[in-house]
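Report on one structure; see the data block that follows.
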Amino acid sequence: MDFRWCLCLLIVLFINYCGSIRHGQNLIWAQTPTKRFSVSRLVGIEGDPAEWVTTGTVKVHHISAPHSGWEFKALAYQYSTQTLYWSESMNKHIQGLVLNGTTDTNKMVSGVSPDVEGLAVDWISNNLYWTDSLFNWIKMAPLKSNVSSYKIIVQDGLDNPHGIAVHPHKGYLIWTDWGERPRIELADLLGQNRRILVDTDIYHPRGVVIDYKENRLFWVDSKKDTIESVAFNGMDRKTIVTQDGSNFYAIAQYDKYVFVTEQSKGHLKIFDKNTGNNYISYKLTYIPYAIIMYDEGSQVGDSSECDDFSCDQICVNDPIAGPSCLCGDGFSTTDDGKTCDAEMKFSMPSHVYAISDAICQYPANLAYISLTNVTLDNQCYLDDRRGYLALTFDARNHNLYFSANNTKTISRVRLELGSNATTIIGGTGVVRGLALDWIAGNLYWTDSTFKVIKVARKDGTFQKIVISTDLKSPLGIAVHPKRGQIYWTDTGSSPKVEKSFMDGSNRTLIMDSKNLGSPNHIFIDFVKDRLYWSDSVLNHVRCYDLITGRITVFFSLEKSKFYGISIFKDFLLWTDTDSMNGLHVARIDQKKKIRGIIHPADGIAADLITYDEQNQPLFNENTTDTSPCQFENNECQQLCLRGPNMTYYCECGLGYSLDDNMKTCSSTVIRNNFLIVTDAYQKQIYQIGTTNGVVHAIDMTIRHQPIAVDFDPIRLRVYWSDNTARIIKGANLDGKFPDLVAGLSEKSVADGLAVDFINRLLYYTDTGLDTINVISLDDYQQKVVLFSKDLDEPRAIVVLPNDGTMYWTDWGFNPKIETAEMDGTNRETFLLLEKDSWPNGLTVDRKEKVLYWADAKYNKIESVSINDQTTRRVILQQTENAHYFGLAIMGSYLYITDWKKTYISRISKDGGTLEQFGPKQFTRLYGIYGYNSSELVRGNSMCLNNNCEHLCLPKPNGYHACRCRTGFVLNNDLQTCTIESNTTSTPTTSFTPSSKSSTRKSSIINTSTLPSTTTTTTTTTTTFTPSTTYSKRIISTSTSFPKQVSTEVMPSITTVSGYNDGGGLPTGSIVAIVIFVIIALIIVIVIGVVAYRKYYSYNIPHGRLVEDTKVNHFYRITYPDNNKDELTIDSGIENPTFDCFNDEEERNKTTF
């Protein structure tokens, strides 16, 4: 018998089960069962691996979750306190357990997402760090039993943070990120001074661990199937193990061993960290997650310095500066630098309602709180007059969803300090009703403009119309995930209340117009299984018993215009939109109103929600009744919509069709005669057949918002920019083989792309940095800035490779179209446009040599011959409200994207009537490209057989020029490149136009109406900063103005006793004059402030918060925690199968 076979058999025979995990040297990992009713466990192998790896005799201990719903993921430990920490996905907690035999856990953090996949302990500062890949941040919290604060330390630029490790003695915090730009980063213990360790040849970096003795970092890459290591300076990178077909998840290290968990086959593997030799592997019956080596030798030192420093909340012991104190989010440090004061916050449960101009919040006990000093000013936030109408929420993910009528968008904001509001759906009509199916993760809304009810994933993707017929003015909407039904009101000419299954089937009338006045919003009591709706004409609230079908008048009050509605405990709450405009409360048992907060002339009250987990029950808790559409745990690829009797239907978003298996979605590829468009809010790129107008989605996952787009017709690859992720990417037309073309800077805004498929080049504009750039499509490292001066707002760009020329639009202070040779030389203004023009889209008829452009300011499309500027003419002058963005030519038509329309428009290139092309199912269309193989203009590359070391760029008349990539300069031979001595200067071409340049474009143009594609169109820094008076806000936001006056206007004064030699005024008179001037100036400022408030605020008692990205204050939300789950410690493993195998045995499918 083979020796390795014998060793494996011996290992199986010598497993001993010895009760719970005990303090001492242990290899510990988390594992989740593959069987539905089994429980998640923490498993440990006791002892020194140097002994049990070689002998095969292991002692296994473990800790089991209290029930099958739990799921352990991340692990960490603090040896000095004998404490093991873990993240748990179901309850969204981070907990700790002292390994002394107790079952009493310590809840360290509540309210985390289910995807906390990295934990690390700083045992010197006594802090816990964790990564959260759903919220894309890294947080820290003190390991103090009497402190429950936490702090977000990293969130900018994170996409999918996973593993995390800390080196307290060096002051290092290290984490992996496997998002759009995968990398490993290093920072200090507060997440500052970040630098990238690895960002090349890395795909899905997951678990990470530090070898403290050799000062190296080890990590696993689940896509490359590798175990790798690198020094802390990013050098000396090594690949230790490569195993194709593996799905490595986590890694631990001890002595010469590395331990990894592998999820595709459920393995625990042990390798030599130097040679990669696979010592032993265990086949588990569970899916393993995190793994740690619980060992004293890896945590040298203690927290005595921080303990003696007596910080109120968080202490960070920097290895150079020593210990310092800081406060968690929602708290601020006092003058002593050690203690912390709580900032303003609101908690769950609480009542939130929209008042058009703002969103306001009151505590749950609104009925009995003192109203002394309670004003809209300190109860409202997001007070920027966006026309807020509808609200809904996601209690367990702490998100608020809202519609804004002024921008025709639906947005989401996490109700926690420092969060940003993100637009997830755009291009809507008037949305007055929102409802979240928190089980399936679907968002429903009513749209009274387009007369539809729609559904999408809760991130706004895969939108679909559910109801589109026989709707007049849909308003309120509610969902019942357990029943699989949606309910809505219609306030049209024949008002009604209806219901259907979540897919829109089995539509049923609940009450018709005979008994209705104006039914508005809806509330469901899931405990009593009753539906309520308000009626502002009949002045009452009706109740519909979902079990019996009985309908009764639940509450009525004369002259009350019931609109928004909620029930909390024994109280009915509603908003009134008439003379009693505001928020009102009544006791249900007494049928009596007990409180009203009114603001008749200030902000029209709209929707109302009670932000409470009880209003979003899980239904199946402690039962086997599992929803078939449970979010991220259902068989549908895109949308899962409930039907009757626990049935469900899979649906697909725009451009996809349901496969024969009725679960997955796919899209066919159009090979010829098609348009390509980007839809930013649907996070999708589409093909539209020009022969039939049918939409086909390019089947790939886009995490953010595609903007500009172009196409390589030879290699059939589509390229697009993403101004949220700050990237340019490419993929095949079928969505396969996506790759990152360029990672852009944080200020970049790439609005225009142009592919030169003949010379394999990609040109793009960057209106954030005001540059025009080019990248080689054969080597993405070869890229250079062609223009960096005298650009204002460059946007669309086209290239003519056979002519060696390019054209671009600039919608800045002096709008124009410019041209240059494709190597960046001979730049000139091609055409000056009208003042304030917004030349967005640009396309070229390559055969006729005619340029076409779309003007979003004046709503027109124009053309001009490249060879004769006197041929300029207007193709279309639109009188209706429009906002053109993209433009493409194909055949005899021009195709246009318009932000104000949910469809593509087209017009003959010779002029005529603008017409709809394709369906009205898009949201916010940006870039557009048209392809017809018969119109393709081919050519020979001017760069064939060139000797350019870096970039070869075409020029007119068959010539080419060599250029060096950024950071290099061209040598005298005009072909080779040398590293530039001063790499901070990247511009390679300068140009000074004859027209006068603007010194500051934003001082002239109203940026609130600019056709910008920056993330400000989708992300708003929502600043929950209560203040006592509006005047204080005005003063605080203008504190920089007096400094400018003092430094630029006030002359220096020398004080002299008595009169001066020139017979000037005495000192006393000068002082009196100065005081008089100051008093007069104060009076003028006060009058100005009063006039400003009167003119802009219309006497609203709350101020509109300026969207200042530098402000990071936010209301903080806290949650009561009544979860009493406790761990259980087992004395043995259920059905233990810790089988040992080697790779050959695995291939032969040998089992024990």
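Every residue, even glycine, has its Cβ placed from backbone N, Cα and C.
Annotated features in TrEMBL:
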type: SIGNAL; residues: 1-20; note: signal peptide
type: REPEAT; residues: 126-170; note: repeat 'LDL-receptor class B'
type: REPEAT; residues: 171-214; note: repeat 'LDL-receptor class B'
type: REPEAT; residues: 215-257; note: repeat 'LDL-receptor class B'
type: REPEAT; residues: 441-483; note: repeat 'LDL-receptor class B'
type: REPEAT; residues: 484-528; note: repeat 'LDL-receptor class B'
type: DOMAIN; residues: 650-665; note: domain 'EGF-like'
type: REPEAT; residues: 804-848; note: repeat 'LDL-receptor class B'
type: REPEAT; residues: 849-893; note: repeat 'LDL-receptor class B'
type: REGION; residues: 983-1023; note: region 'Disordered'
type: TRANSMEM; residues: 1070-1092; note: transmembrane segment
List, by number or range, the same-chain residues at least 6 past the repeat 'LDL-receptor class B' (441-483) whose CB is under 8 A from its CB atoms?
390, 392, 394, 401, 403, 410, 412, 424-425, 428-435, 489-494, 500, 502-504, 507, 519-524, 526, 531, 533-534, 546, 619, 627, 629, 631-632, 638-642, 651-654, 656, 681-684, 902, 920-921, 923
Close approaches to the domain 'EGF-like' (650-665) from elsewhere in its chain (Cβ under 8 angstroms; 6 or more beyond its ends):
456, 461-464, 503, 635-641, 682, 684, 686-687, 695-699, 919, 921-922
Would you kindly list the residues that approach the repeat 'LDL-receptor class B' (126-170) from elsewhere in its chain, counting only those six or more residues past its ends and only Cβ-Cβ distances under 8 Å?
74, 76, 78, 81, 83, 85, 87, 94, 96, 106, 108-109, 112-120, 176-181, 187, 189-192, 194, 205-210, 212, 215, 217, 219, 232, 250-251, 300-301, 303, 306-307, 311-317, 319, 326-331, 340, 397, 414, 417-418, 703, 725, 746
What are the DSSP helix/strand/coil residue counts across the repeat 'LDL-receptor class B' (441-483)?
0 helix, 23 strand, 20 coil
Helix, strand and coil totals (DSSP H, G, I; E, B; other) for the repeat 'LDL-receptor class B' (849-893):
0 helix, 30 strand, 15 coil
Model confidence over the repeat 'LDL-receptor class B' (215-257) (mean pLDDT, whole number):
95
